[in-house]
Amino acid sequence: MAFKQLLSAVTLALAASAASVTRRATCPDGTQLMNAECCALLAVRDDLQNNMFNNECGDEAHEALRLTFHDAIAISPAMEATGQFGGGGADGSIMIFSDIETKFHPNIGLDEVVESFRPFQQRSGMGVADFIQFSGAVGTSNCPGAPTLNAFIGRKDATQAAPDGLVPEPFHDVNTILARFNDAGDFDELETVWFLIAHSVAAQNDIDPAVSHAPFDSTPSVMDGQFFIETQLRGVEFIGSGGIEGVAESPVKGEFRLMSDQQIARDNRTACEWQSFGTDQAKLQNRFQFIFEAMGQLGTDPTTLIDCSDVLPVPPPLSTVPHFPAGITINDVEPACAETPFPTLPTDPGPATAVAAVPRD
């Protein structure tokens, strides 16, 4: 609770400060920003957009967002209370100590991601912790429907690796996952669901290599509610090898489902919040904007950070509407929210949907 109270206070203070300040810094290229310290990030942004993301919400943008979470969530006040080192949160340790942390089971595949981003970080002039969170925000700005995220600089880089066991796994049960988020930042069950909005623009690469880059929903390049709709559909078959721990049956050909997502979508503590994101895009954007900021401040003193949010591009608008994939109807839904009926949605016309893998950049 203390962390979230501090975050709320800092957010209000920043908003009040921004409203009262009329003078803005002018960067060497003529761009005006709220803080002069952020001018150097303009070149970093452009380098990432032009040479890594190609201004697209593709594989590299997805991985950049994944990296922000796997770095930041590795913090445990409960471990600290017992005299153990509990990790530093958003401190860049997953890149600084990549030889250790990318060997942790939940970080499988991130060794290649870290190395692909390392040259960008090295020429950016940014600290590693700041770079990881900034690159995730820049990449997500390419996703239609995403909110304009916040970007802050001034974090302290890690001096030791985070301990293993702090990143949730797809085979963990709901109680374990909720406890992990609560320990990391006093996040409750609803806020845990907010983190999973990131799965709207995501795919798996290494859980089942037989179907590498299989997305979690039918619109992986768009941050919309389809992930929340489609995870509530009845699974009918494994799209890959089958029998892999943490993998559930999928409702749509080509779509990958994590067991953890399936269970959280159906748990009575989280099901109604989950269902709400299927049709409420404004809420989805608002909650993800908040939780991304909160995540990026784990392990930091937010009062020491500099707001560089105005460096970030504005995401493209959403052009899709909530729907069932072709071949799916309301009869395929496994409703789990006792408070609100599952919404009535149109079904896409044509033959049954088959979802393509996310193209490799």
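Glycine is no exception: its Cβ is also placed from the backbone N, Cα and C atoms.
As annotated by Swiss-Prot, site 'Transition state stabilizer' applies to ARG66. Following the DSSP three-state reduction, the secondary structure of ARG66 (site 'Transition state stabilizer') is helix.
As annotated by Swiss-Prot, active site, proton acceptor applies to HIS70. Using a 10 Å Cβ-Cβ cutoff, HIS70 (active site, proton acceptor) registers 22 neighbours.
Note on ASP91 (Ca(2+) 1 binding site): other Cβ atoms within 10 Å of its Cβ, all shown chains, come to 28. Marked as Ca(2+) 1 binding site by Swiss-Prot: ASP71, GLY89, ASP91, SER93.
Taken from Swiss-Prot, the feature Ca(2+) 2 binding site covers SER200, ASP217, THR219, VAL222, ASP224. A sphere of 10 angstroms centred on the C-beta of SER200 (Ca(2+) 2 binding site) encloses 25 other C-beta atoms.
What Swiss-Prot lists as N-linked glycosylation site is ASN268, and the listing cites sequence analysis. When Cβ atoms from all protein chains are considered, those within 10 Å of ASN268 (N-linked glycosylation site) total 12, not counting its own. Reduced to three states, the DSSP call for ASN268 (N-linked glycosylation site) is coil.
Annotation source Swiss-Prot lists region 'Disordered' at 341-361. Residues 54, 58-60, 62, 203, 211-215, 217-218, 220-221, 229, 232, 252-255, 275, 278-279, 321-330, 333, 335 of the same chain lie 6+ residues outside the region 'Disordered' (341-361) yet bring a C-beta within less than 8 angstroms of a C-beta in it.
Listed in sequence order, ASP71, ALA72, ILE73, ALA74, ILE75, ALA184, GLN297, LEU298, GLY299, THR300 are the same-chain residues at least 6 apart in sequence whose CB falls under 8 Å from the CB of GLY89 (Ca(2+) 1 binding site). Scoring each of the binding-site residues (ASP71, ASP217, ASP224) by how many neighbouring Cβ atoms lie within 10 Å, the top position goes to ASP71. Other than the site residues ASP71, GLY89, ASP91, SER93, same-chain residues with C-beta atoms no more than 8 angstroms from the centre of those residues' C-beta atoms, the Ca(2+) 1 site, are ALA72, ALA74, ILE75, GLY87, GLY88, ALA90, GLY92, ILE94, ALA129, ALA158, ALA162, LEU298, GLY299. For the pair HIS70 (active site, proton acceptor) and THR219 (Ca(2+) 2 binding site), the C-alpha distance works out to 23 angstrom. In sequence order, ASP71, ALA74, GLY87, GLU101, ALA158, GLN160, ALA161, ALA162 constitute the residues six or more apart from SER93 (Ca(2+) 1 binding site) in its chain with CB-CB distances below 8 Å. Taking DSSP states H, G and I as helix and E and B as strand, the region 'Disordered' (341-361) has 0 helix, 2 strand, 19 coil.
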